[in-house]
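Asker: I'd like to ask you about the structure that follows.
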């Protein structure tokens, strides 16, 4: 049942799609993780608050198709998925790289990217649709585009002689130079770089020798050009290839930064050579420890002249080399899968100082300096990598930033999809596990709490269009099927079938979507192969069909005509047509709790949320950068949705803002009929949302069994249902601990999150003891496992963070003296503090034991936080909870405060006040009043609420009555009485609540003027009146008689 027009790698749609974000020919599509929503309405750009909130992003991996798909400049680096470029930037506050934006303007496979060496804000990208774009990363917009590159660019690089020029080449040339700005703008051809005899893999300009460049070819040769010299084409092939027709493509090519003539070149099967481009000879051939090893990529290390690193193509082995010796200095296995690209940053992170001696210049060589042997490595001392950070991209799509000095990952985004993701499904018995199916042939399992992949299939299945979890299994097993049109072969259709769905209310009922534009319903319990119903109305093929889980006989269908149709099987009719998408509809999902909510995803890059009662589009999201295919949610977490797209990302969304009134009803302890109802009641147009699904009914059933602590359980169970993954369950566990729950009732996941201080010692000591057991072990943990020394150091560090210095010293004797008292405690502490400052200035981990020993936890927290090590800072000061909760934080905070009780009263009241302000809108005024009535001493707060209410006189009086306030006329009389008695505050308050609130302004402003004319006024003397006056209704401020 594969859609013939559902394309991916290098393919394009049969029409030009509108870009959902503003696009005037210059402005392209830059996305933020959690982008501001923009839309163009009647020619005007509008920015609005979205109802559906993105709460998670599972980023794509790096594509393995093309060579130049990783680039860096200054404090930024970028890598390419198939259709999007991910840009990371150093966060100076936390000293770590974070995803800043996603560029997704290309409609076909991105083939190369390059950062401008003269302007770190400029960035170029090319794609298989003969498109070249120049971006300004800082301003996040496209500044120029070339729509016809006369071939697919295989490599792109900024020109040596122009900040406005980009060079690119495809297949056998020629080399084109595009100057996109200035008087000389236009496209020209390099005078000599053309008519090659072998396809070009990549090319590089020399960084200092102006105009010199080298090309690497698929036959293993190189071509070298420089102004004023004879061009050299197809030279320096590996010796083993001379005189043969065999090909061994150039896999990497980099000029020596300190030389005018030397460059490193690697061939996939013939290893690495240092060659002299002037003398046209090989200076050094580097030897691998195994004949099976092959190099996929290499990079010079700027912080260590003469040193470079390589990545193996078969296994993720990082090797460290120096040009002075032909064998590697050291090697590290970082991953099981091979490297695809490497790029070394110029170490903008303030990491540990180099471990070389101060005379480092005499210990390392560049390729043009006199060869001096590198430092001798003793048998008991492991080699220290030079300082720097390597952006590592792997063949399986993994992307990481490796700290070479510390020999650890700063982050590793492993196992990302590199192609279109067609389908996604939550595991039936675990709402935290999400499976995805992709064009790249893999199925991946994701943990939505940590936003990381925990498993992947080998990738041998071919294109995977659809997946389904096996029912009733507790293991992460999936049933996978490739949709090939044969799944419903026993039912004859006049054309290809693209979608089918079983009815959840009738196990024998199945619906299909067909290329002939029709929807068919079959009854499986009969032997007939004819459909019971055929629904017609779509103007193009029907792709997906979905039965409503809550309304029997109701189903929807999405079509290439851009519409979603709602069908009623019992009436044999289309009861609604949802119009809004501008391209074919693919993803469809009914909400499992609110019967009228339907979500659709389209090739127009958008996700739309519909109220099917009247066909209203409640919200539209524009965050995906390509076609949206799959939509899913888990029944136990019905308001967290996952979506997948041709942009190779999976995104998590909170739908909770759509049913905010329900949250407030639960929070304010409203009766059940305002929370749970039947579908007939919920489907009345304009009525507030009600929960009608299994989860809400199960919660109510469990609550009905309780006799104690009912409200606390009600709040927790409902808000766990409403909240997205990522910390809320951990928060509720902490609340239970604070309220005295028995530790034996805590879930196993508790020890992996933020813990109460009384448990910190218990759990972390246990972890340290487990690591220490390695002392008694005879054998190690196998290849890739932490060494004995690494595990002991990890155990010692845990003891140290718990303040167990004596146990730390037992494990790490070499540092024992550093934390022992000296001549006197006063002198010892002074010296220790000086040593701490010195080590922290060097960003040296040795500062940690000194801080612990002196009890300076504040300095230690600052130290950890400054390095971005928030988990370590948490162990010291429990600082990280606020970063773990996403979604409706105010509602969640108020619930937690209510459950905690008296100890949290002040914070709870403040949350309730903020919530009341948030919901002071037309449909939820009464809910705001309910929130304020939960606060003691709420008279002034209720007065402000009623003063701001914009209803009719009858509606205002009704709200006054609900809040326990006098009517409009009574307030007017009370205001005049207060004026006579000289009670200014009450006069302003009651005038605001009367039918003529503008009178409050006159009295209040006169009072403020009088106060300010004196010399003894204070903020406290004017603030209460000013605060009250700020709640006058806007319509009263624009009255003619008040314009003076």
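A Cβ is built for glycine as well, from the same backbone N, Cα and C atoms used for every other residue.
TrEMBL entries are annotated by machine, without manual review.
The compositional bias 'Polar residues' feature in TrEMBL is assigned to 1-14. Annotation source TrEMBL lists region 'Disordered' at 1-31, 352-381. Residues or ranges marked as repeat 'WD' by TrEMBL: 103-145, 414-456, 535-577, 578-620. Under the heading compositional bias 'Low complexity', TrEMBL lists 355-369.
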Asker: For the repeat 'WD' (414-456), give me same-chain residues lying six or more residues beyond its boundaries with a C-beta closer than 8 angstroms to one of its C-beta atoms, as numbers and ranges.
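Answerer: That would be 6, 8-9, 56-64, 81-82, 335, 396-400, 462-469, 471-474, 476, 478, 480, 626-627, 629-637, 640, 642-646, 648-650, 652, 725-727.
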Asker: Please count the residues of the repeat 'WD' (578-620) that DSSP assigns to helix (H, G, I), strand (E, B) and coil.
Answerer: 0 helix, 24 strand, 19 coil
Asker: Sort the residues of the repeat 'WD' (103-145) into helix, strand and coil with DSSP and give the three counts.
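Answerer: Counting residues by DSSP class gives 0 helix, 24 strand, 19 coil.
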Asker: Is it possible to list how many residues within the repeat 'WD' (535-577) are helical, extended or coil according to DSSP?
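Answerer: DSSP classes over the repeat 'WD' (535-577) add up to 0 helix, 24 strand, 19 coil.
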